[in-house]
Every structure is written in C-alpha cells, then in structure tokens.
Amino acid sequence: MDELKKLAGVTAAKYVKNGMIVGLGTGSTAYFFVEEIGRRVKEEGLQVVGVTTSNRTTEQARGLAIPLKSADDIDVIDVTVDGADEVDPDFNGIKGGGGALLMEKIVATPTKEYIWVVDESKLVETLGAFKLPVEVVRYGSERLFRVFKSKGYCPSFRETEGDRFITDMGNYIIDLDLKKIEDPKQLANELDHTVGVVEHGLFNGMVNKVIVAGKNGLDILEK
C-alpha cells in the first residue's frame with residue numbers, strides 16, 4: 001500500500017506548477033506529496049512557496065529545502081494536498097487523526113484547489129466510524145467533556161504515552177466516538193457554536209478532488 005500511497009502523492013504533485021503557493025499536508029500519504037515537491041525543487045528547479053499544516057511537515061519541508069511562508073503572510077493558496085481519515089460520497093470528510101486539524105483547516109480555507117490523497121479504505125458511505133477529533137482549549141475542557149458525554153457522543157481525551165495529547169497550538173483533543181454522523185453539516189454548525197471548541201475535524205464540502213490509492217491503482221474523484 002505504501003507504493004500506492006507514494007504514487008498518489010506523486011500524482012497530486014503534478015498539479016503544482018511554477019510560481020504557486022502550495023499547502024503542504026500532514027499524514028502518511030501527504031508525506032509522499034511533500035517528498036515529491038522537494039525532489040522537483042532540487043532536480044527540476046521548481047519554484048514554489050510552501051505553507052505547512054503541522055510542525056512535523058515544517059521539519060520535513062525544511063529538510064527538503066522547500067521555501068516556506070507562514071499562513072499569516074499569504075491571502076490565497078493555489079493548491080493544497082492533504083490526507084483524510086474518512087471521505088463520504090458528498091466530499092465531506094473527517095480529518096485530524098494526526099492531531100493537526102486546526103492548522104490543516106486554516107491552510108485549506110484560502111485554497112483555490114484542495115486535493116486529498118487517500119487509500120481506498122478511507123472511502124465510506126457515512127462518516128463517523130472514525131472518531132471525530134474536536135480541538136478544545138484546556139481551560140474548561142473537563143466541563144466540555146461532560147457536555148459531550150451528556151449528549152451521548154462517547155468522548156475521550158486523546159492521549160500519547162499516558163499523557164494528554166497536546167496539539168501544535170497547545171490545545172487538547174477530545175475524540176467523539178459517534179459511530180455514524182447522519183448530518184455532518186448540522187453537527188459542524190453545533191460544534192462551531194460551542195464555546196471552548198477551537199476547531200473540529202469535519203471538513204464539509206471543502207475538497208475539490210480526491211486521489212484514491214487502491215489495489216487496482218489510482219482513481220481520481222472530482223466534484
């Protein structure tokens with residue numbers, strides 16, 4: 001599957017042209033996209049400026065000598081390539097399994113062409129089997145946890161090595177085990193209006209193109 005993920009990442013990189021501002025995604029498939037951009041910068045003289053979606057991707061891009069700018073310094077991104085944890089037929093998705101959902105959404109929002117690279121296991125009829133990440137400020141997070149629990153959202157604080165996971169922005173993540181999300185837009189609206197929630201992993205209708213790596217090769221889905 002890694003070879004197919006690599007092929008998907010390399011294929012996505014073909015949408016990147018000279019002079020573009022490029023959003024550099026985070027995750028196992030987006031990794032190969034960033035590697036291919038680095039190769040083209042070195043071997044082909046590709047001239048681009050990258051905007052990263054996590055500290056991990058920043059380190060990777062710097063190691064490849066890809067010129068970078070902060071999201072604060074740009075108004076429009078030409079193309080962003082990132083991964084996703086689930087994608088439904090309406091191009092709604094769940095992201096944030098790697099904990100970078102806030103930065104990923106900040107980069108995705110001003111992007112003209114937003115592309116996801118995924119393996120075929122990420123294609124689902126209904127979102128929700130993958131736990132929905134909700135990034136929350138630390139202050140009041142226990143109360144927010146109880147609110148989610150009272151709604152039957154089966155929350156859990158994300159942990160790493162026995163301690164609470166802390167995002168690149170210094171927040172906690174509460175994962176919601178919803179099993180099935182019948183109305184992603186309604187849930188997104190609810191979370192958007194919940195005090196203490198910084199961001200959530202529902203990316204509804206944002207993506208333009210999904211490059212799928214499967215056992216039979218690549219499939220490119222478009223709106």
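Don't overthink the numbers, they just go from 1 along the chain as shown.
Cβ atoms here come from the backbone N, Cα and C positions, even for glycine.
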According to Swiss-Prot, Thr26, Gly27, Ser28, Thr29, Asp82, Gly83, Ala84, Asp85, Lys95, Gly96, Gly97, Gly98 bind substrate; which one of Lys42, Lys69, Lys112, Lys122 is annotated to that same site? Lys122
Among Thr26, Gly27, Ser28, Thr29, Asp82, Gly83, Ala84, Asp85, Lys95, Gly96, Gly97, Gly98, Lys122, the annotated substrate contacts, find the widest CA pair distance and round it to a whole Å. 16
Enter the number of other CB atoms within 10 angstroms of the CB of Gly97 (substrate binding site). 20
DSSP three-state call for Asp82 (substrate binding site): helix, strand or coil? strand
Please compare the binding-site residues Lys95, Lys122 by how many other CB atoms fall within 10 Å of each one's CB, and tell me which has the fewest. Lys122
Please list, in sequence order, every residue of the chain apart from Thr26, Gly27, Ser28, Thr29, Asp82, Gly83, Ala84, Asp85, Lys95, Gly96, Gly97, Gly98, Lys122 whose Cβ lies within 8 Å of the Cβ centroid of the substrate site. Gly25, Ala30, Val118
